[in-house]
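A.B. asks: Take a look at this one; I'll ask things after.
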Amino acid sequence: MIDKDDFGPITRNRRRATITSAKTETVKLRNGATAAASDLKSGPKARESLTKNLQLNEDSKQKCDRYDKMSCHKLQESMLSSASSFKNYRGILNWCVVMLVLSNARLFLENLLRYGILVDPIQVVSLFLKDPYSWPAACLVIVSNVFILVALYTERKLAMGSISEKVGLLTYIFNLTIILCFPMVVVLMLPSITPVGGAFALGVYTILFLKLYSYKDVNRWCRERTQVKARSLSRSLSCPSSPSASSAMQSHVSYPGNLSLRDMYYFVFAPTLCYELNFPRSESIRMGFLLRRLFEMLLLTELLVGLTQQWMVPIIRSSMKPLQEMDFSRMTERLLRLAVPNHLIWLIFFYWFFHSSMNFVAELLRFGDREFYRDWWNSETITYFWQNWNIPVHKWCLRHFYKPLLRRGAGKLLSQSAVFFASAFFHEYLVSIPLRMFRLWAFMGMMAQLPLAWFVARFLRGNYGNAAVWLSLIIGQPIAVLMYVHDYYVTHCQDGPMIAEAL
């Protein structure tokens, strides 16, 4: 029999090795200090097993690292796929800009080689004046002060209770009707007014019509709210006239203190169509901002004139024969040729008018509300475009036309159609009367926006809707331009070779 004490050293060595290896595996090795301490306490066999385990772990890690380095695939989507989260297309945008510049540079060089330099600043003056000693359009604009004074006088009488609300309403109806009819008759009956001069005068009268309509509504709302028949007039604080009146920004004028010449003419020149008793005012005039806007106005005016004379006029001249012969293939080619310069000129005009000019006037008058446009270029529907590209007109239509129709019980569709109808009327008013012909192209183009808006909102979404909006702007406007130019040429220029040459 073997005594159990003979197995004592072996059993103790095995137990000690097992405990040592277990401790060594659970303890984290930091800078080799723990490993060295455990090696001192363990036996030679444990040290050998530990060394083998460490070598196996290192070999497996190296194999994994080699595998990771050898692997070149992982689960991912293509960058141009809709499922990809990639959104940085700045390089593609820069490429589009470069291609646009190069293509238009080629067209510009081709235009110079074919037609030479056609820019003539003196010819621009003849668009406004036939006789340098006769300024009928300017005189027509000066006469508009009569209607301004009539509106102010009517409001003063209504505030003092000298006339009834019904008499005041009839006076306003007569005054506003004459504002639209008087310049129309003068432009049609006076041959010395050029189409451009007539369009400018009619534009001024149209703006005045919208402003005085808003002036009438706001003052009527004030009378209905206060129910006070004021007998005296206080000076309007909404248009301070002296440096000491800088505290007027913290003051508010109340009805009828707004019925003064200063307040009226401040509203007439302010870049808004909606009247308020207290407009938001900026603290001071920023001369740097004002000079930058003035520089933009002058520069862009020259650019508009140059692009029109050098690029658009030759294309329009070459389009007359295909239009007369009804050659549809050549008409389409001329239309596409005209689309690019026409759209570029329209974009420049938008920036010139809604940003440079209106900000210049607003800064000069310290008018605080500078939201003259919103992000119409992101429009995904036709309706969104018309609501955001001309904010002063949109606010007027919403405040004085659309919401009153809703309050009277009209539906949304009927009210929207009425707004488009009024817009179509004024577009035709500003085009047909200066040209002295009535073809209704502008009217039909605006009314066609209704079914187009329904189609885009119903069937096109996202980028497709935005592309449809841009396509309607790029193609729709040149069609109207060609129609009016062709009709004007047929009506006025066929029997006059000198006029045709000027065209």
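Cβ atoms are placed via backbone N, Cα and C, with glycine included.
Sequence annotations record features per position, and here TrEMBL assigns active site to His427. If you look up TrEMBL, you'll see 92-113, 133-155, 167-190, 196-215, 336-354, 438-460, 467-485 marked as transmembrane segment.
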A.B. asks: Would you call the transmembrane segment (196-215) and the transmembrane segment (133-155) in contact, using three or more Cβ pairs under 8 Å, pairs 6 or more apart in sequence?
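C.D. replies: Contact between the transmembrane segment (133-155) and the transmembrane segment (196-215): present, because at least 3 Cβ pairs are under 8 Å.
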A.B. asks: Is the number of Cβ-Cβ pairs under 8 Å between the transmembrane segment (467-485) and the transmembrane segment (167-190) three or more, considering only pairs separated by 6 or more positions?
C.D. replies: no
A.B. asks: Are there residues at least 6 beyond the ends of the transmembrane segment (167-190) whose Cβ is under 8 Å from a Cβ of it, and what are they?
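C.D. replies: Same-chain contacts beyond the ends: 136, 140, 143-144, 147, 150-151, 154-155, 157-158, 198, 201-202, 205-206, 208-209, 212-213, 216, 429, 433-434, 436.
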A.B. asks: Using Cβ-Cβ distances, find the residues under 8 Å from His427 (active site) that belong to the same chain and are at least 6 apart in sequence, listing them in sequence order.
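C.D. replies: Ala442, Phe443, Gly445, Met446 - these are the non-local Cβ neighbours of His427 (active site), listed in sequence order.
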